[in-house]
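**Q** Just dropping this structure here.
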Amino acid sequence: MMGSFNSLNYPSKYDNSLNCRWEIRVPVGMHVRLVFADKFGIEDSPNCVYDRISIYDGSQSNQVGRYCGTPHPDAMVLSSNHVIVSFITDESTQDAGFLLHWSATNASVAIPVDSHTTPSPSGMNCTRDIYINDTSSAGTISSPNFGVGLQYPPNSRCVWRFFAPFGYAIHLAFSQFGVEGGRSCPFDSVTAFDGQYSTGRMIAKYCGNTVPAPIDSKTNSMFVSFVSDGSTQDMGFRATYTIQKVSVSTQTVLTDQACHGSTPLILNETTGFIYSERFTLGLNYPDNLNCRWHIKAPADKVISLQFNAFYLERDRSCQYDNLQVRDGPLANSPLLGRYCGISYPQKLTSTGTDLYLRFHSDESENEIGFNITYTIHDPIPSNSCGVPAIPPSLDNSRIVGGKEATPGSWPWQASLVYGSYRDHMCGGTLIAPQWVVTAGHASKNHHLLKADAHQIVVGVSKVLVHENYDQDTTENDITLLKLTTPVTLNNYVNIACLPTKTVTSGQHCYITGFGDTMGTCCRDVLKQAEIPIVGVTKCNSTRYTDGQIFNTNICAGFDKGGVDSCQGDSGGPLVCQIDGKWQLQGVTSWGVGCADPMSPGVYTKVFDYVNWIQQTIVQN
C-alpha cells in the first residue's frame, strides 16, 4: 500500500497563497512511512513562518514536523495509521516545492524533531520511543557520538518520547552536559515538552556547559528533543531516565472515569467541578474523547452549571468538538444546548433533578477545554412570578403628587426600614421567597416594614452589594438582601419575575414606592405611576443627563416631567408587563430633582444583572 503526491507545478516553482492538505490512512496496526524526493525547496524562514510543509501524526493537534528551506527532511515513520500533511505558502517568494512518497509499514517509529532543517542520519539513529513500566526500570539517553574527547555532529536532530503508566511521571537527570550556549539557546539545545509531541507545554530548554536541573514531566509522557545547527559543536550530554509515582488528584481520577469509563460518571455532591481531560494540567484535551457526566440531585432540588472557562474547536454547527447539556438523566433527554468555540452560557439550570453532560472531541484541532462548577440547590420560583392575585389599577398617576395603589396589587414591593421606629428608608423587590433586590446605596442595616395586616416583618441575614458598585458614579447600583427566613407566598405576598428580554424606548412601565410625594398625596401608603422608557442615547444628550448614563442603566419619565420616583423610592421596582407577567426591569437608582422636566429617573437595568443575581443566590 503506497502512493505519492507533490506541490503544485513540482519541480517548477509552486504558486503563492496555497493552502493544501492531504490525509493518509493505512490499515489499523500499521504505520505510515514518509520519504521525500531529493529535489526539495521551500522558502526558508525562522520557524518556517512564511512557506512550510507540516506533518501531523494522527491529528492536527499532534504536529511532529514543520519543514522549509533545503535540503529535504529525512525519511520518517509515524506512530499512527493516520497522517495529515499540509502545505501553506504566503504571497511572495516561491521555490521548487516537494514530492512525497508514502507507504504502509510495520517498521518501528522514527519521528524527526519539529524543525525547519533536515535531520541528519546520526540524528535519526538517536530517535526512539521509550516505554518505562515500573519504578525499577531505568536507562540512559545521550547525544550522538557522546564520549570522551568527542563532539556531536552538526545538524543533529534527535527525539526521545517517554511513556509511563497512568499515575507516574518521567524523571530525567543529567550527569554530563555540554551544548553550544547562547541567550534563549538559539543554536543548539535540549528541549522537553509535556505529552507525546512538541505541541505540548514546554517544560525546559537547556544549553551551555553547566549540568542543568532534572526535568520532571507533569503527565505520564514526555517529548525530548536535541537539536544542533551547522557550526560550533560541543561534547553533548548524557541523562538517566526513571519514573516515579505521583499523587493523582481526585478530580483527575474522576475526569478519567468520565472520559474512559463504560458508564457516565455519577455526581451527587452539593457542589463540585467538571473539567475536560488535561485542563488542570494546562494542556489541550486529547482526540477522540467521549466523556459523560450525570449530575443527580435529591428530590425537589435543581442543578445549576456555572461556566468558569470554555474553549473548544470552533465550528459553526458544533459538529466536531462539542459539549452537550441535557435536561434529564439520559443521553436523549431534552437538549439544553450544544456548545463549541468560545460561545457558552454563563449559567444553565435544570428543570428537574438531573443533568446529563457529554463532551465529544474528534481526531483533530484540540483546545484547552473547560472548567464548570455545578451546584445543587433549591429551585428559584418562577412559574407564579409576576402575576398578582389582586390586579393593579393601571391608569396614569404619579408617585410625586400621585395616587395610592390598590392594596395587594404590587405584592413584591418591599419597604426597607431602620431604627427602633422603623422609619422608611428605601424600596425593594421580592424576587424569591428569601431574596429582595434593592439599590447598592440602600444597603444599610434594616428590616422590612410592617404596614398593615397583610404585610410582614422579616429580618435580613445577608447584605450582598454588587462587587463593582461605585458610590461616586452609582454604576452597578444593585444589592441582594437575603432574609433570615423565607416568606410564605400568598395573595398579598408574591415575587416579581426577573427579565427575559430588554425593554425598548417608548414602552410604558410602572414604578411603585413609599417615597416622598412632595406634600401632594397620601403618606405611608404604596403609590404607583406609569412612565415611558427613554432611550439611553436620548437620556445621555446634553438636554437631559449630559453623558451620566451607563449602558447598564434605564431612563424612564415624561419630557414634561410631573411623574417620577423621588426620595425614599430608591431601590424600588420599575416593572413592565411582558407576556402577561410583570418583570423587574429596573431598580430605582437616582435622578435630578423629582418629576422635573427633561429629567427622567435613572434605574439599574436588571436584565444585565440576571446572571449575577442567580449566581449570588446559588452561592449563598
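The backbone N, Cα and C atoms fix where each Cβ goes, and this holds for glycine too.
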**Q** Considering the candidates Cys539, Cys566, which is the cysteine that TrEMBL reports in a disulfide bond with Cys555?
**A** Cys539
**Q** Using the record from TrEMBL, pick out the residue from Cys158, Cys185 that is joined to Cys207 by a disulfide.
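**A** Partner cysteine, according to TrEMBL: Cys185.
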**Q** Out of Glu180, Asp188, Asp229, which of these binding-site residues shows the lowest number of other CB atoms within 10 Å of its CB?
**A** Asp229
**Q** Based on Cα distances to Cys185 (disulfide bond), point out the closest of the recorded positions Cys48, Cys68, Ser142, Ser231, Cys539.
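**A** Going through Cys48, Cys68, Ser142, Ser231, Cys539 one by one, the Cα closest to that of Cys185 (disulfide bond) is Ser231.
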**Q** Using a 10 Å radius around its CB, how many other CB atoms surround Cys207 (disulfide bond)?
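**A** Taking every protein chain into account, the count is 24.
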**Q** Should Cys539 (disulfide bond) be counted as helix, strand, or coil on the basis of DSSP?
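**A** Assignment for Cys539 (disulfide bond) reads helix.
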**Q** For the recorded Ca(2+) 3 site formed by Glu180, Asp188, Asp229, Ser231, name the remaining residues of the chain with Cβ within 8 Å of the site's Cβ center, in chain order.
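**A** These residues sit around the Ca(2+) 3 site: Pro154, Phe187, Ser228, Gly230, Thr232, Gln233.
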**Q** What are the DSSP helix/strand/coil residue counts across the domain 'CUB' (1-105)?
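**A** The domain 'CUB' (1-105) comes out at 3 helix, 49 strand, 53 coil.
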**Q** Please report the number of other Cβ atoms within 10 Å of the Cβ of Cys539 (disulfide bond).
**A** 25
